[in-house]
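Heads up, here are the entries from TrEMBL:
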type: BINDING; residues: His134, His185, His251, His440; note: Fe cation binding site
Amino acid sequence: MEHMFDGYGMLLGFDIDGRNNRVTGSRRFVESEAWKHYNETGKMRWREFATPPKYASMWEQLADIGNTLLGTLGLSEAVTDNASVNVVPLQDGSAVAMTETVQGTYRVDLSSLQTLGRVQYRGDKIVGDLTTAHPQPMPNGDLVNLVSTVGVGFHVYRHPAAAFEQRQLIATVPHRRPLAPAWVHDFPATQNYAVIPEMPLYFNVGKLLFGGRSDAVFMDWKPQDRTTLHVVDLRDGSHCSFRAPPCFVFHWANAWESEDGRYLHLDACLYEDPEICNDLYLEPLRADYAPGRVPGRAYLRRATIDLRAADGSEVQGGWQPLVPDDICPPFDFPKVSPLKRGKPYRYVWGASSVRPTSAHNSVGKWDTETGSVQVWHEPGVLVGEPIFVPAPDATAEDEGAVLAVVVEADGGSSLVCLDGATLQEQARARLPWQITIGFHGCFVPAA
């Protein structure tokens, strides 16, 4: 494997028993077809994010190229189903492990971490296999997500709360470049709107099929195209678009509507360009970066869209900083209180970097009202995505706990619990085995 995004998905679970002061940890690979094939043969079945399979002959490569083209259209099983990106809880008590292909969605049991089977969508005509692993939860329990179909556009759809296997099409928004769709890793949404961030980072189909690198892995960076924010009304499927400065975003912190319904506020961890994608190749990570080279940094930014403005108009003010850059450590994996998702909020927690390193070695808390920052840091550690869990009887937005997986300086691993308000460490459960830093997870209260 060549890139941080290429490894096969493993679930990591913790059962926290507060009454008996006990934490039980477990781990298990998602039994995708990609993982099973590699486990049985030692060979890759499909390309992962940045690592292509090794071919025995030119004819084998040509056959794979044809299958991949069909796979991106959802017409064959020829793109990876390695569910390595996110775990999303469902209303029935199970969960789905997801990646950015439709076939890479698997139901999993949250207690045993057993893979229950690939999700098979029923009764819709939504074609395409490029999706996001970040479906957005609605107040009624529904999930909203999108599929990107080469040559067509973005299909925004809804999973009913009681039937994840169903997809109800809401709207289709054409691609700016139909044969080179923009990469969308995550998107913001409120109760009434979903926003498709069409940033100027496009799939280079030739690089994807035949190998080789472009500006960012296999994608082309065209900042002259700027960013288009497509606002889709989830009630009737109507949509309009707004222009903003070029940027790259992995993750959105939150989105909400003004009380009068006129403005839509979008908060994100924003990079100036997609160089961070290249920074996550294993080669530079192992060799350390060249002297003077600074890996990509993301800072907290807000765009405010006037929904009464004309279709195609400019976002006034562009991307506004919420915390001054000179005191804001670079960070990503932003999390707000689940009680504030889709609503006005004050605090956001994330995995941050204490200098001189650019690795996530700390947990940060950003106050969007005062512009202040708090940081928990321990020398030599690596920190995974922090998750804020509000106290059951909380009266303050930051009253609760922050949970984060930590790889310690000696190579050991722990689950760390921090006070949500002060970031003071409250507890630590050291694991009997080593882990690596992963991507996204969730907190599920006991039944």
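First residue shown is number 1, and so on along the chain.
Positions of Cβ are set from backbone N, Cα and C atoms, glycine also.
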Counting every protein chain present, what is the number of Cβ atoms, excluding its own, within 10 Å of the Cβ of His440 (Fe cation binding site)?
19
What kind of secondary structure is His251 (Fe cation binding site) part of, going by DSSP in three states?
strand
Which residue, out of the binding-site residues His134, His185, His251, shows the minimum number of other Cβ atoms inside 10 Å of its Cβ in this structure?
His185
Starting from the Cβ centroid of His134, His185, His251, His440, which together make up the recorded Fe cation site, report each further residue of the same chain whose Cβ lies within 8 Å of that point, ordered by sequence.
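Apart from His134, His185, His251, His440, the close residues are Val85, Asn86, Thr132, Ala133, Asp186, Phe250, Trp252, Phe439.
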